[in-house]
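Participant: Next up is a structure, given as structure tokens.
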Amino acid sequence: MSISTHAPGLSNARFYLKLLFSLTLLFITACKVDTPSDRSAAFQPEDPGFVVVAEGELPPLATGMTLQSPERFRQLIDDTIKRGDDERDPRFYGYAEGMVRQRLETHPEDVGALLTLADLLQKQHAFEEATHVFEQVIQLAPANPQAYLSMAMLARQRGDFAGMEKLCRQLLARAGAEVAAICIYAAQGLQGKLGSSYEELERVIERPLHPAINRWARQEAAEMAARLGQPDRARAHWTAALEAAGSSVPPAELLVAIADFYLLEQQPLDVIDLLAGETEMPALAMRLAAADVAVAAGREEGDADAVRSKWVDELQPWLDLWTARGEQSHAGELAYYLFAVRAEPEQALEPAFAQWSARKEPQDTLLLLEIISQLGEDSDVARQSLQSVEEWLKQTGYEDQRIRSLLAVAS
Amino acid sequence: MSRPLLMLTCLLLGWTSLSFAHQPASSYILLQAQADEAGSKGSVLHLSWRVHVRDLATSVALDNNGDGAVNWLEVRQADARIRRFFQDSVRITAGSTVCSPSEPPPLALRTLYDGLYLSFDTPLDCIIAADAVIDVSASAFFTSDPLHRTIVSVSGPGWPSLQQVLASSEDEAEFETAADSATTADIFTTFIYQGIWHIAIGLDHILFVFALLLTVVLVKEGHSWRPARSNRAVFLQTLKLVTAFTVAHSITLSLSVLGLIQGSAVWVESIIALSVAVVALNNIRPILSDRLWAVTFIFGLIHGVGFASVLLDLGLPPEARGLALLAFNIGVECGQLLLVVLVLPLLLALRHWLPYRRWIMPVLSLMIALMAVYWIGERTGVMS
């Protein structure tokens, strides 16, 4: 066989020599040189001043503060939790819990420390342990309203609305009239008296309230208005709740609730405005992703898939890390991710039902019903889940126009 | 490997970064058994302990000058304290033997998915028998951060993938490393399969061979291609190229696996991409036609180092290193031959068709070259 082309001006021998020389050099370089592009490779900085932890990033206890003074302790814990809230960084909740538990080892009856511990446990969805700590607080300080209020909120999360109302009534003698009233109307609004409770709550809101109480009242009122099918009034309350947060970083739970409201109202652009830059916390990032996908879907076909795929690439490592850490408390986020971001309702159903079984916030019930209504009659698991939700609704008298619409589609 | 475990590996190797950086704290204890070079029947355990420097600062005083930050000098000054903390809080035993670092390892840093980690990499002074039980306990950080998790992963030749999570509630884990008493036949078939699988998923290797095959049925004549006259000539040329590639990558695969040469992943992967580009561009404007086998041989040497990195990641059974190497190589050859068998008849049939020579072959070659250029950019970091 003849393969004819020759490199012009080069004899075969010279060509081979040059080729072998240059490629061998390349090969040797490849085998010898290690490059810093190998990101995970271990390295020792040559510069002793190389910054390993930047200023302000050290955990609070590492800065040399001690836990001797209760005031300093309380301040340190509060600052650490606030940093976790502001930076959406769960690492700080861990550090704060470590400090609280150390404090409780030497001062097991410190009510403030116990309340903080219970709040931190609630953030981790460790509801049973949190309830146990609140009960301890009530035994130690029966007049303390915080424990009753927090336990009322826990009862609501579990779907025990009658129990919630009982705990709210305990506040009448222990907290301000407004706090007790907001709590009671919120509880009654979940048990078949939605319209009247909403009107009463609006009257409470007209009074001058502490900004934190005002924010809570507005949040409750917004939820009630949304359940009544009055989106304009709900929107006004949400806006007021955000304003009540003032210049501080709005709580993530508030943003999640508002984003869910906008998404149900088919207003994804508002979610993108609301959550711009909020990519540090899974629940928020997932709402942002869902809004981004919804906006892209409204533009042209094909675009939404590219956007979806970009978000999946961003969010999936997070879920994988949870799995690697053996974390069990992210069923709600997993369900939301699978349904709203990955568009996989079949896979989303199981974690959504697990989340709803453990916690019955409006967003949990709505997500489960949205998934069921997409899956339709063909899925046995969906039909069984729907039956459970319908029984619970009947039992509690829970009212929600949005749920009614979804039920109509689902059944 | 399960996806979460694979993903975790990617995170630990720095191949993936989380755009959303805030995570609860995790530290890592990675134990890898490697064949004992001293020739005993067991394996030596290598430890890599990785801990975020911020988390370490909750347990070991690092900020010596009190400026609220930590620099590398302060880490080095805390060397003894860090080692003591490690000794006090991490315990690894194999059977009844306590495993300790066999030499004081230098402290180093690694950039992982959520920041800088202190890395403590060292061989341990215990020999692991084939059916050893490894116990790991780690109490570090659970007091200062109850949300902290220590992820322990144990790997070894022929062992199942083992991973457990330690937390404040359960700070001990037991790993039964008993290999599935793999027979010689099991090892042979496993590594043949891995060789074939690596070719099947290694698009760069496939495209290199495919680009070579595109013109193996043609002969350069002036500025245009003409079909090769006989099938025999085509088979001979294919044999020449495939043999050059096979011999070359077998050499470097063996040398790498035996530890005689070591390649930097970034460079090797980049040159593999370059090799694809060179062969594809040579199809469009041939300058190497009658020396293509020599170029194939040289590039084959680099592909061999690439194959070796896969094989080393799989872990070679200490009792059957040679067999596994041979089987993996045979697997690679099988994958390669399968490609030739699938593609060559089609190309033989197409070689007389003018549009193939004028359009299809050059366009396919150009697409391959563009893909390879993209890989070069990606692998050298130019495009990141």
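Using the three backbone atoms N, Cα and C, a Cβ is placed for every residue, glycine included.
These numbers come from a predicted model, not from an experiment.
Residues annotated as signal peptide in TrEMBL: B:1-21. Per TrEMBL, transmembrane segment is recorded for B:196-219, B:239-261, B:267-285, B:292-312, B:324-347, B:359-377.
Looking at the shown structure, can you explain where the listed features end up?
Facilitator: Tertiary proximity for the transmembrane segment (B:239-261) is limited to same-chain residues at least six positions away from its ends with a CB under 8 Å from its CB atoms, namely 208-209, 212, 216, 292-294, 296-305, 307-309, 311-312, 316, 321, 325, 328-329, 332-333, 336-337, 340.
Sequence-remote contacts of a segment are chain residues at least 6 beyond its ends whose Cβ falls under 8 Å from one of its Cβ atoms, and for the transmembrane segment (B:267-285) they are 204-205, 207-208, 211-212, 214-215, 292, 295-296, 299, 302-303, 305-306, 309, 361-362, 365-366, 368-369, 371-373, 375-376, 379-380.
Cβ atoms under 8 Å from those of the transmembrane segment (B:359-377) belong to residues 204, 207, 210-211, 214-215, 218, 225, 269-270, 273-274, 276-277, 280-281, 283-284, 350, 383 of the same chain, restricted to positions at least 6 beyond its ends.
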